[in-house]
Amino acid sequence: MSTIAAEREPSRNRSWLPERKHWVGQAGLWTFTAALIAIHQGKVLTLAFPVLAIAVGIWLYFKSPARYVGFMWWVWFLSPEVRRLADWSKGAFTPTSLIQVAPLAVTMIAAFGLIRHYRVLAQRRGIPVLLMLFGLAYAYLVGIVSSGVMAATYDLANWVYPVLIGFHIMVNSRDYPEYRDVLLSTFMWGAAVMGVYGVVQYFVMPQWDVLWMIGSNMGSQGEPVPYGVRVFSTMNSSGPFAFAIMGALVFVFAAPQKVRWFAGAAGFVSFALCLVRSTWGGWVIALAIQLLQSSNRVRMRILISGVVLVGLCVPLLTVGPVADRLGARLQSITNLKDDRSYDDRNKFYATFAQTAFTDVAGEGMGATGASTKLSSDSGELGKYGSFDSGVMNVPFVLGWPGTLLYLAGVVMLLGRTLRAAFKLRKDKFVGACLSLCLSVFAMLVFTNSLIGTGGLLLFTAIFSILSAAHWQKAQRLLAAAQSRGGDH
């Protein structure tokens with residue numbers, strides 16, 4: 001019963017009506033959103049979308065915990081585009097929009113799990129999470145003093161929500177097959193939607209995306225013209241988008257959905273056009289890990305799938321201005337002497353390393369990233385608003401006490417994940433999750449992949465593997481109990 005087909009068998013026996021009931025709220029939200037956009041009611045949408053998204057999230061959290069995770073990912077995938085369409089409907093760019101609150105708020109609903117399942121934190125499987133939470137709590141207290149309550153609280157949310165989603169998956173390990181199916185379906189359809197829109201964005205550049213790029217001064221995303229943009233599709237920027245598509249391109253080899261070929265092709269093209277080299281490298285690492293730890297049969301399937309995907313995408317990526325842009329970006333990987341980004345990162349490491357690693361107390365939450373806007377009078381990014389290294393970001397923010405606690409939890413989780421994954425080599429989803437969590441963790445050299453979309457991928461993958469191991473153990477115990485009962 002370790003194969004995907006066998007594990008999914010129970011889900012086919014469920015009645016259709018309850019399945020439909022869980023889709024009503026989600027379908028209603030997106031239909032209502034589309035209707036408001038169509039009739040140019042941007043102001044109403046700005047107020048209604050976060051409220052409705054949170055309401056649907058709470059309902060799913062209690063009624064269908066697995067689908068809550070899928071919905072949470074969809075809100076991250078699509079909310080930035082909803083925000084841009086709302087601004088376009090109003091005819092003006094809005095620097096701060098309530099729609100931006102929706103993804104974070106929907107994800108933070110998982111905090112209910114700490115209250116409902118607090119006893120798990122005292123168990124062996126919950127100790128790593130408890131250590132991480134203590135580390136973050138320390139940095140939060142320091143951040144309140146150094147950066148203020150608002151900045152520290154916002155930054156804390158960004159650090160803690162990936163852990164909360166992982167904890168949510170862990171405490172519901174009895175439903176592992178359903179979580180696996182939901183995640184694979186979400187990423188395949190998400191890659192299809194975002195991949196297609198990303199291609200349209202590159203070749204057409206819709207006006208609402210132009211309005212947002214100009215208003216937000218996102219110079220790092222290229223030029224707001226066809227063939228000039230670094231694709232960010234429906235997400236906030238090319239960085240989070242690259243992480244999301246990277247996850248989909250890893251899961252595509254484990255997905256049973258027929259749409260996976262189309263999703264993989266569309267996602268691969270957009271992934272190439274986002275021009276995020278660090279994530280390209282992360283995907284290559286993930287692919288290599290999948291090949292190394294898979295059986296010969298699975299390895300052959302991955303290789304054949306890769307050849308098919310490349311064959312589908314090469315015609316579009318090797319013609320005209322697309323080929324020129326990609327060629328220049330790829331050349332910068334081998335020609336590091338002329339790479340300004342690489343040079344800037346090296347200088348940053350050289351000048352800032354001593355500060356990051358010798359600050360014993362740490363600067364606390366709110367010291368880096370977007371949260372610095374909340375601690376400055378002008379609303380602009382602070383001194384460390386742009387921080388290119390996760391390796392230095394962690395000790396700089398968490399300090400030595402917070403770093404030791406937090407990384408102790410992460411290392412414990414990774415150790416358990418490796419042991420569990422090698423016992424479940426026949427489960428293709430577990431193999432995909434292992435390659436994903438190791439590659440995302442390795443990307444700490446370039447960015448703080450413990451938070452944001454990267455953090456969600458990392459902890460979703462880690463806790464999915466641990467959940468699979470716990471579910472398999474429960475199945476064996478159940479089978480043994482039934483066998484003993486049959487003997488009597």
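Cβ from N, Cα, C; glycine included.
The annotation transmembrane segment is assigned in TrEMBL to 44-62 (among others). Long-range neighbours of the transmembrane segment (44-62) within the same chain, counting only residues 6 or more positions beyond its ends whose Cβ lies under 8 Å from a Cβ of the stretch, are 22, 25-26, 28-29, 32-33, 36-37, 68, 71-72, 75, 79, 82-83, 85-86, 89-90, 94, 97-99, 101-102, 105-106, 109-110, 112.
What TrEMBL records for 97-115 (among others) is transmembrane segment. Residues 45-47, 49-50, 53-54, 57-58, 61, 68, 71-72, 75-76, 79-80, 82-83, 86-87, 121, 157-158, 160-161, 164-165, 167-168, 171, 456 of the same chain lie 6+ residues outside the transmembrane segment (97-115) yet bring a C-beta within less than 8 angstroms of a C-beta in it.
Long-range contacts of the transmembrane segment (127-154) within the same chain, counting only residues at least 6 positions beyond its ends with a Cβ under 8 Å from a Cβ of the stretch, are 121, 160, 163, 166-167, 170, 361-367, 370-375, 397-399, 401-410, 412-413, 416. Look at TrEMBL and you will find 127-154 (among others) tagged as transmembrane segment.
The annotation transmembrane segment is assigned in TrEMBL to 182-204 (among others). A Cβ distance under 8 Å defines the sequence-distant neighbours of the transmembrane segment (182-204), meaning residues of its chain 6+ beyond its ends; these are 66-67, 69-70, 73-74, 77-78, 81, 226-227, 229, 231-235, 241, 244-245, 247-249, 251-252, 254-257, 259-260, 262-271, 273-274, 316, 322, 429, 460, 464.
Annotated transmembrane segment per TrEMBL: 238-255 (among others), in sequence order.
Same-chain neighbours of the transmembrane segment (261-289): 187-192, 194-199, 202, 222, 230-233, 238-239, 241-243, 245-246, 248-250, 252, 302, 305-306, 308-309, 312-313, 316-317, 322, 325-326, 329, 332-333, 434-436, 438-440, 442-443, 446-447, counting only residues six or more beyond its ends whose CB sits under 8 Å from a CB of the stretch. Look at TrEMBL and you will find 261-289 (among others) tagged as transmembrane segment.
The transmembrane segment annotation in TrEMBL covers 301-323 (among others).
Per TrEMBL, transmembrane segment is recorded for 397-417 (among others). With a threshold of 8 Å between CB atoms, the same-chain residues lying at least 6 positions outside the transmembrane segment (397-417) that come near it are 127-132, 134-136, 138-139, 142-143, 155, 359-365, 367-368, 434, 437-438, 441, 450, 462-463, 465-466.
Cβ atoms under 8 Å from those of the transmembrane segment (429-446) belong to residues 4, 180, 184, 243, 246-247, 250-251, 253-254, 278-279, 281-283, 285-290, 293-294, 298, 345, 388-391, 394, 410, 414, 417-418, 420-421, 454, 457-458, 460-462, 464-465, 468 of the same chain, restricted to positions at least 6 beyond its ends. Taken from TrEMBL, the feature transmembrane segment applies to 429-446 (among others).
Per TrEMBL, the feature transmembrane segment maps to 452-471 (among others).
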